[in-house]
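For reference, TrEMBL has these:
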COMPBIAS  1-15  compositional bias 'Polar residues'
REGION    1-41  region 'Disordered'
COMPBIAS  25-41  compositional bias 'Basic and acidic residues'
REPEAT    375-397  repeat 'WD'
REPEAT    398-431  repeat 'WD'
REPEAT    441-482  repeat 'WD'
REPEAT    671-711  repeat 'WD'
REPEAT    853-894  repeat 'WD'
REPEAT    895-936  repeat 'WD'
REPEAT    937-969  repeat 'WD'
DOMAIN    1071-1172  domain 'Small-subunit processome Utp12'
REGION    1197-1225  region 'Disordered'
COMPBIAS  1199-1208  compositional bias 'Basic and acidic residues'
Amino acid sequence: MSSSDAAVVDTTANPPKQPSKRGKSKETRTLTRESDSLDDRVGVMEDSVARVEERYSVISQHVGMMEDGLQAMEDSVAAAMATFRHQLEEFRRDLARRDDERKAIVEDLVTRGDEVEDLKMRVTILEKAMARGAEAKRLGLTLEKDASRIKAVNSEPRPIARVAKGVEIAIGPSDPRDGLPSLIEGGTYATLVGAELHGRVSTVHGSNVSGRAEGPNSYCPATLRGEGQGVRSWCRSRCGLQGQGTGPIAREGTTDRADGYALSLVHPISLSSSSRSTAASPSPAAAARLRHRLSAAFVVAAAAKMVKAYLRYEPALAFGVITSGDANICYDPSGRHLLAPALDKFALWDLKKGLPTTTFSPSASPSSSSHSLAIASGHADGSIRLWDCEKGTCEATLNGHKSAATVLRYNHAGSLLASGSKDCDVILWDVVGKSGEAFASAAHRDQVTDLSFIDSGKKLVTCSKDKFMRVWDLETQHCIQIVGGHHTEIWSLDVDPKERHNAEATDKVQDKWEILKQFGEIQRKSKYRVASVRFDKSGSLLACQVAGKAVEIYRVLDDSEAMRKSKRRLHRKKEKVLAKSVVEGNENGSVIDPLSSQEVQHPTIVVSDVFKFLRNLPASNKICSIAFCPNSPPKGALAVLTLSLNNNMLETHLVDSSDSSKSSKMNSVELQGHRSYIRSVALNSESNLLMSTSHNAVKIWNPSTGACLRTIDSEYGLSSCFVPGNRYALVGTKNGKLEIIDIGSGSLTEVVEAHAGPIRSIVPIPDENGSISGRGFVTGSADKDVKFWEYQILQTPDSGSKKLSVANVRTLKMNDDVLVVSISPNGKYIAVALLDCTVKVFFVDTLKYFQHLYGHKLPVFCMDFSSDGDLLVTGSADKNLRIWGLDFGDIRRSIFAHADSVMDVKFVKNTHYMFSVGKDRLVKYWDADKFELLLTLEGHHDEVSCLAVSNRGDFIVTGSHDRSIRRWDRTEEPLFIEEERGKRLEEMFDSDLDNSADNRYAPKEVVPEEGSVGVPGKKTQESLTAADVIIDALDTAEEEIKRINQYKEDQSHGQETEFQPNVLMRGHPPSDFVLHALSNVPANDVEQMLLSLPFSDALKLMSYLREWALIPDKVELVCRVCTVLLQTHHNQLTTTVAARPMLMSLKDILHERVKECKDTVGFNLAAMDHLKELMSMKSDALFRDAKATLMEIRMQQSKRTDRREINEKRKKKKHKVSAVAQAAA
């Protein structure tokens, strides 16, 4: 039994005793007394609670009063703090400006002091040299002085028979890449007498001079003898001066060093009769003669500590992009040219020739406005540029959107431009005034996808991804209608020229939007969404671009055709209903007509009656944009449609009513660019031919002009190089084949099965002197093999001509995939990068292992040797560049180079400068000796995959995944490291201004109400600069007014003083000076400039408006300034008592001036209309549209002919059906 069971048994055996009645009564009385006492206590507690609640209510009232007081105190403190911050910011700005001025003055003083000391040093040294007496006279040495420098020259050419005595020599370490121009200026000078020979000279003999050179870049070490005193000395690059012997030139056993100094590089010079000696580089023959006899001259050399300067590279040319898929294409009004976007620029294409006629680049300088065709382009930074089509220059840049512009539309007159953006805003721009006229802030809740003008340009229809359309009244600048009903995003809309129909693109094509009524939907058969809809010029065709490889063409029927089609539809419907009724039958045997007579006579037209599916227009690739040609189509066609494809190609198709299976392509533009990513680029030995490879073609370009010279069909090319002689080229493909291309004929001569995996690297084998000859080449592949090849000339048995072939001679087996191969310039070493993140170096002749370089965390994608073979640079997917020394395999420096993988790196020939490219879209220029970033080049819009450097280093070429090839040229502009570092810091500072600590606690910008109208524009550097100019002009004018008042007051007191006007005002009165500064602000930046003005300066500016309003040409500017300032500072102006008289005076005068201007403009418009009528009466304008009318008549006749043929076919078909039915009966 369990313990619980035992407990139950015990409890049952001993039951509890029952209490007695007497005890129960006592207990009841006790409980009664206790309950009474509890009731009393409860009452007392309730009274206490009531008193506590009263006290709590009183305390709550006091707390509320305290909170109100605290809130008022907080508001006052916040206002005081805002005022304090504003004053502090002004004080900081003034302090920084004064500090900059002080620094500039100090730097100028230091510079002038250095120049004075420099001139003193030059004078001292050269005067000592001139004081040598007879020796200077014997050499014919004279001293020339001018404002910039002082130097000694040979005024009389005389041979040097012996060496001058008692002359000091200062020689220090030098850099062979430093030229003479960068070493002329300095503070420490010395005089060198003797002969210098630059280059490698083994022995120099002569009657007075002999010597020996050591080192590849050393100066001529010579033994100088003269008048019984012999001196033996030699100088080595970077080693200082070493000498032995007796005499004043050098002391025995001494070594002098001067770090940071260099000896000026001077070639042997030949003296002439002119007063100035000229330096000439010796030819090889002259150098050979100098080994036996050396003619020298007196040379003044400058050794100075200098800041090293480099030469800047700048973008020069971009080619290879025909069209980009992020923007639309369109025809010009003449229909002869097509505008196609190409990344950051766009081109005007002649489709018949397949060549661009004009290229519009953002770097084009602004020009004055003209009356030629105006083009507007929207860019990813939100800016909109206006271009002159004839000049190809940018007239103005409009800044208003905060994000990328997505749609642009001109009105019919071309005076207004509407733009939509990803920031959900719609801006209406005044093209003539180049400013924003109206601004619909937050017009939609998502990206604005399309817009169009309707009602003769009085209204604007916009659509967005938020599934809504909005109709805007441009006169009242308000949204008058919101149209819903779409289930997905609206991608496009268009209005036919007659404004009968309005089509939008969503998952279905919508049609015929009246103000509040929907017309209907077109049921499409395609499963792809609609990307764009466009009407042709006549409005008779509608093109529906789907998100695929086809365009659906619909024919828009006129009213009479739509009515006939509607009647036929109702007739068929009636026949079906009657036939069904006859089959089923009725009880009384009668048949009821389902349609009324009124409905039959006046049928309701639906969408299917107006839009008739014509055909599908197939394309070779996915379509990005479409455009109808405005010209009349060829005979037998309805229209000409041009397609922009996402594979960098343009296609032009004829639209006709034939079967869709028939090809309708007229022409295409495809030769000027690759269809896919560019994987490799290579320059020939003369740098006048460029080869690029992609997935299906190899193209040969002229790098100077960007013209495509040859296009050769190929497989997926990963690597390429030119064969010595520049007649053939080699291409390594993804499937391991090696293709040999004849450049002259543009044909593929041979395909060699070289590897079992992708060939990722092809490198020619150089000679010992660094030149590329016919020794062969090396390929590296993912099949873990490095193969050595040699060239062979074979004779074809058919034609007997010779052709190039290759043969494998050696193979180096590796233990992992080979990613890249590089060979040293002297052909001694070969470096192989493997998939295990290491680089192995072998001897080329024996293929023996030499060094193992490891340190990268991810695989190495690229590497290159310097021209002297001292350095090897590697770039990896770990975003780093590593510079290695080949003597001991030590790593000189690891540099974090790019924000993403490093794709290619190349040294500039004969230097230690190098270029690197990466997936972060940047090209960077480095100094491998100082491990410094020299320059960052931006321009590509996708990852940069390949790089090529010319032999002379005067330009580089890069290829990118954006299908563009860009050339960057070296200029004569000097480049300094410190300046570039400062520029990069300034750019970082400007980019972080919005997130700076000063603005951290600033109030956030209020989000505008959806559909509200505000001032267009955004804050730019130009608008901030303009605001500073206006503030300075206001301060200058205010000081001038005070001086004028003081002068008048002095005159009133009888003080005769002459007033000296401020020369900064250029003779203008204060009001005219401020007006001149305001008129120079670009029209697009006026609003943002006014928004940047403090309230105090805004009041100063408004005080001039009454005077400016009297000038007829400035009424519009005065109204714009007054409107913006009133909207911006409305609250402050209403609370400022001193501003009320000024506002009242403006109210009285502005209305009158605006009315006068309006009357003047109306009178001029009426006069122009009258002149237009007079000119039309005297001209032959009535016959100008004869051709268009004739084409319209022909089109109507062709439509009638088509209808007759269709009716005849239907009659024949009915006749056959009836004949078959009779035969069956």
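Heads up, the Cβ atoms here are built off N, Cα and C, so glycines get one too.
Just going by CB pairs under 8 A, the stretch in 375-397, 441-482, 671-711, 853-894 that sits most against the repeat 'WD' (937-969) is 671-711. The average pLDDT computed for the repeat 'WD' (375-397) is 86. Through the fold, the repeat 'WD' (398-431) approaches residues 374, 376-386, 437-453, 456-457, 460, 462, 464, 472, 474, 1016-1018, 1020, 1022-1023, 1084-1085, 1088 of its own chain, all at least 6 residues removed from its boundaries and within a Cβ separation under 8 Å. The DSSP breakdown of the repeat 'WD' (937-969), given as helix, strand and coil counts, is 0 helix, 19 strand, 14 coil. DSSP assignment over the repeat 'WD' (375-397) gives 0 helix, 15 strand, 8 coil.
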